[in-house]
Amino acid sequence: MAGRFDIVTIFPEYLEPLRASLLGKASARGLVDVRVHDLRGWTHDVHRTVDESPYGGGPGMVMKPDVWGAALDDVCPGDALLVVPSPAGRPFSQATAQRWAREKHLVFACGRYEGIDQRVIDDAARRVRVEEVSIGDYVLIGGEVATMVMIEAVARLRPGVLGNARSHEDDSFSDGLLEGPSYTRPHSWRGLDVPEVLLSGDHARVDRWRREQSLLRTAERRPDLLASAELTPAEQDLLAVDGGAGSAAVTAPRSARGV
């Protein structure tokens, strides 16, 4: 069964990139089903109004509950998961994407201005599961870009979407760590050579090297991820000494080193 994604927005054209590249091909093959809905289709006035000034005063406009309520009544059935992109939401992560990839139907409510009237979310929560989610500690103009980020992260985990099933298994965050560096031909370029271990043909050595590079990169760039990583004694020692190749010494957090 295709993973279904419904998106409600006042700017349907914003979501056109979802028709391109691998997602577009996956849609054509019936692996995912992406449907975009114009929120203004649920308005009933000549101006197709979707927002009003906020109660209590303040800057900006708030999206109207009656319009959103009608849209979600039509688009979001009881077995769907409603996702509301919001800077006040819980952080989106690879673990979130993996969990959502098991869902049959995701509905995304793209807010604008000062957001959607809270009653829309409270009302929806009485009949469907609702998650308010943030893709980072910054504020965007609307929820469309965040929605595209999340749909791409989820859809690529669906069976058959990626040409090689191992592609997402080796990704950054798939095992809680950052992915290490990648190389391709030519062997030497502008005085920089591909690490010899990758040319050795020894798959066990290559796997060990990639694991080490993943650990060192994570320690340098995202040491917080090591707190929940399962490390062998040798890997703990690796992180306690200089990472080699001119990198600075890195030390795993105490919880990651098992001390």
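Glycine is treated like the rest: Cβ placed from N, Cα and C.
Unlike curated entries, TrEMBL annotations are predicted automatically.
Going through G111, G163, G176 against TrEMBL, the one listed in the S-adenosyl-L-methionine site together with I135, G136, D137, Y138, V139, L140 turns out to be G111.
The binding residues for S-adenosyl-L-methionine are recorded as G111, I135, G136, D137, Y138, V139, L140; their greatest pairwise CA distance is 17 Å.
Cβ packing within 10 Å was compared across the binding-site residues G111, V139, L140, and the lowest neighbour count falls to V139.
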